[in-house]
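**Q** First the structure, which I've put down as structure tokens, then a few questions once you've had a look.
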């Protein structure tokens with residue numbers, strides 16, 4: 001009986017005493033053995049099932065495979081049981097059916113990802129129990145209950161629903177146990193009932209990371225064979241989750257899975273004769289020593305192997321004494337010594353294997369790393385071409401294909417591929433591909449290498465080197481440019497330290513605050529320190545952001561010579577501001593700093609301080625529902641006020657009704673209250689209310705897309721395109737308002753407020769170029785990712801957001817909504833970037849520059865990180881810190897790239913570039 005998300009304190013803590021009385025009785029007085037089983041990363045369901053049944057340590061890629069589990073080919077208890085003729089029945093999470101197809105004589109799978117359902121998903125398992133417990137045509141029955149985990153995702157471990165679900169699980173356990181006891185009275189053969197969890201849950205209800213609450217799970221083995229004397233107090237011992245596979249295999253008389261790193265749970269065999277105890281321990285030690293020989297070339301020098309050989313010798317001595325029928329105290333003492341020696345050897349072997357057994361596909365990893373680095377090199381070498389006035393990026397792939405270097409590279413790579421794949425002892429992903437696919441990859445690598453070499457030769461031959469503005473090589477770097485460059489590079493370098501990754505939010509908070517101070521310095525210098533030179537004329541933004549860059553450089557250094565290609569049309573924007581607007585410009589950096597400081601208090605994130613109370617937890621508690629309701633209502637009103645200003649009348653009405661629907665949805669599921677409500681008794685899933693909002697979201701997005709398509713037909717109408725882009729952006733804002741938890745709505749409000757302030761009082765008056773504006777958007781997008789309460793731990797992903805408005809599990813909408821809710825900060829800031837640049841300039845170069853800069857700044861950390869993770873694959877925190885960060889970076893670049901491609905494809909002037 002596997003209960004998904006069964007934390008150890010749910011059974012052995014105060015909640016177990018209160019809500020699981022029968023289970024508590026079995027723990028304290030019954031014929032059982034209790035353990036706290038420590039899971040390894042990643043703490044998600046599919047890898048944990050693999051660990052329970054194989055005893056091995058799954059790789060981090062299983063986080064992705066968890067969405068659609070492939071068949072498990074590795075040696076495991078289920079496969080061994082089927083080979084031995086065991087008849088197995090399964091009810092519950094369909095992940096088991098995918099992992100072990102054609103293994104069960106009867107099964108009924110339920111979808112594990114529909115987290116809004118925590119009732120029917122368990123009823124579909126329990127409804128089979130009465131009949132199957134009365135039948136005698138099975139040897140193994142597996143039940144996997146999902147409701148507890150789903151409640152955690154939606155409401156957290158402190159929800160009152162947790163208590164109700166634990167009571168339900170306790171009653172089911174009692175029904176199964178009493179049925180087995182009655183059967184044993186007739187057959188006189190003991191049964192074994194295993195109660196366990198696959199993983200725990202964090203204080204926010206998620207899982208996937210490495211906190212104690214996520215790692216420690218309850219494990220109970222209940223059987224009448226475990227005799228218990230009166231007064232025998234058995235406290236739960238700490239063991240590894242992988243130990244269960246070896247224990248079940250020995251208990252069922254099956255071979256221990258070949259790749260298991262677990263040890264036999266010795267308390268389960270303590271009641272057996274000494275000879276059987278030593279035999280079981282010897283079987284386990286032999287299996288672990290064989291695995292060590294396969295994974296460690298110098299296995300003979302390993303302490304565990306030496307202890308195992310010593311145990312075997314002592315075991316041989318004990319057997320000789322035993323065969324001599326020597327029942328003396330010498331035999332007893334020697335048996336105890338052999339047992340201790342075996343247990344020490346098992347512990348050392350298991351620990352050593354846990355560190356060494358990770359199998360890395362080095363060849364495939366190197367191929368992927370080389371491709372990524374080649375693409376990054378091409379991006380860097382294309383900067384002069386992409387940032388000029390034409391904003392064109394042409395990668396010369398065809399001409400290098402016909403060069404001698406290409407064919408030589410291709411032949412060398414093909415020969416290397418054949419050598420590696422024919423001599424590889426272990427499985428290799430790249431070698432497993434068809435020869436046609438592998439040949440295509442090698443052609444691409446060869447072409448990219450030749451393109452890089454060609455671009456380098458062209459750069460050195462023409463004497464073109466990187467400058468701030470390739471269109472004007474003499475353009476100088478401002479202090480803001482230096483800050484942006486150093487900040488971006490410093491952040492990339494910080495990713496090499498695990499502590500900086502765990503607390504990455506602190507890096508972004510520091511960079512954003514420093515950026516605000518730098519903008520404040522630039523504003524004050526332009527307003528007050530202009531005595532040495534006359535106010536500079538500045539071309540309008542519509543003349544192109546790149547041509548304005550040189551003017552900004554000159555103005556910053558008090559140089560009164562304009563570039564000859566620009567035409568002066570308007571005075572400097574700061575000079576035209578008077579009264580209220582000028583004071584707002586001066587105050588805007590401090591307002592932004594205040595907003596950022598308030599947001600930091602809303603959600604504690606990271607690792608070191610995540611446990612500390614914050615404003616979000618205070619608001620989300622049931623005691624402060626009235627305060628949360630007022631805050632949510634005010635936030636939705638402010639969101640409407642900030643977004644509606646540039647929408648059409650139809651979109652304004654849709655936005656108002658959509659935001660009203662958001663509040664109704666949160667009231668329906670019990671998060672907030674209406675003014676006439678005193679409590680939230682009538683709680684529903686809010687499917688109708690959420691779908692009501694989804695209709696308005698799709699309507700606003702459709703209206704914006706229609707305006708964009710219309711602007712391509714009427715090329716001269718610049719206003720239609722601007723309105724269309726803003727309406728698409730406002731539709732995304734409405735979707736974010738629906739998916740955000742109520743206490744996180746102020747994050748959305750402050751995001752819109754900061755965007756409005758910077759647009760009106762910073763970017764327009766100071767005339768920043770496209771590259772600077774792009775990087776500022778990127779920085780704030782990253783900061784707002786953490787303001788939401790996210791971190792680089794998988795446990796902070798709010799899976800419940802993927803099922804808002806769904807009454808059944810649909811994979812594509814659920815994945816999309818979950819990804820959007822997680823990366824809403826970067827997505828909204830990237831969308832605002834496109835909308836702002838398109839509204840401020842009619843030329844296509846600014847938006848193309850922005851997309852190129854965004855691609856470049858996203859590629860830097862991803863490329864560096866792939867190399868870093870490959871080189872640090874044996875690092876202590878490779879699974880808990882570095883791998884989740886790589887997954888987040890990959891998702892981030894995919895989502896933001898999709899946004900840039902969509903918006904530029906919808907812009908007729910930028911389609912070709």
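Indices start at 1 and increase along the chain as displayed.
Quick reminder: no glycine exception, Cβ is built from N, Cα and C everywhere.
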**Q** For the transmembrane segment entry in TrEMBL, name the matching range from 318-339, 340-361, 362-383.
**A** 362-383
**Q** Using Cβ atoms and a strict cutoff of less than 8 Å, what residues sit near the transmembrane segment (814-834) while being 6 or more residues removed from its termini?
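**A** For the transmembrane segment (814-834), the sequence-distant neighbours (Cβ-Cβ under 8 Å, at least 6 residues beyond its ends) are 67, 113-114, 725, 728-729, 732-733, 735-736, 739-740, 747-748, 751, 755, 773-774, 777-778, 780-788, 790, 797-799, 801-804, 806, 847, 850, 854, 891-892, 895-896, 899-900, 903-904.
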**Q** May I ask for the residues of the chain that lie six or more residues beyond the transmembrane segment (723-740) and have a Cβ under 8 Å from a Cβ within it?
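**A** Distal contacts: 636, 639, 643-644, 646-648, 651, 655, 658-659, 661-662, 665, 690, 693-694, 696-698, 700-701, 703-708, 710-711, 747-748, 752, 788, 801, 804, 817, 820-821, 824, 827-828, 831-832, 834-835, 838-839, 903, 906.
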**Q** Apart from its near flanks, which chain residues at least 6 from the ends of the transmembrane segment (362-383) lie with a Cβ under 8 angstroms of it?
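**A** Contacts with the transmembrane segment (362-383): 393, 395, 420, 424, 428-431, 441, 444-445, 448-449, 451-452, 455-456, 459, 466, 470, 852, 855-856, 859-860, 862-863, 866-867, 870.
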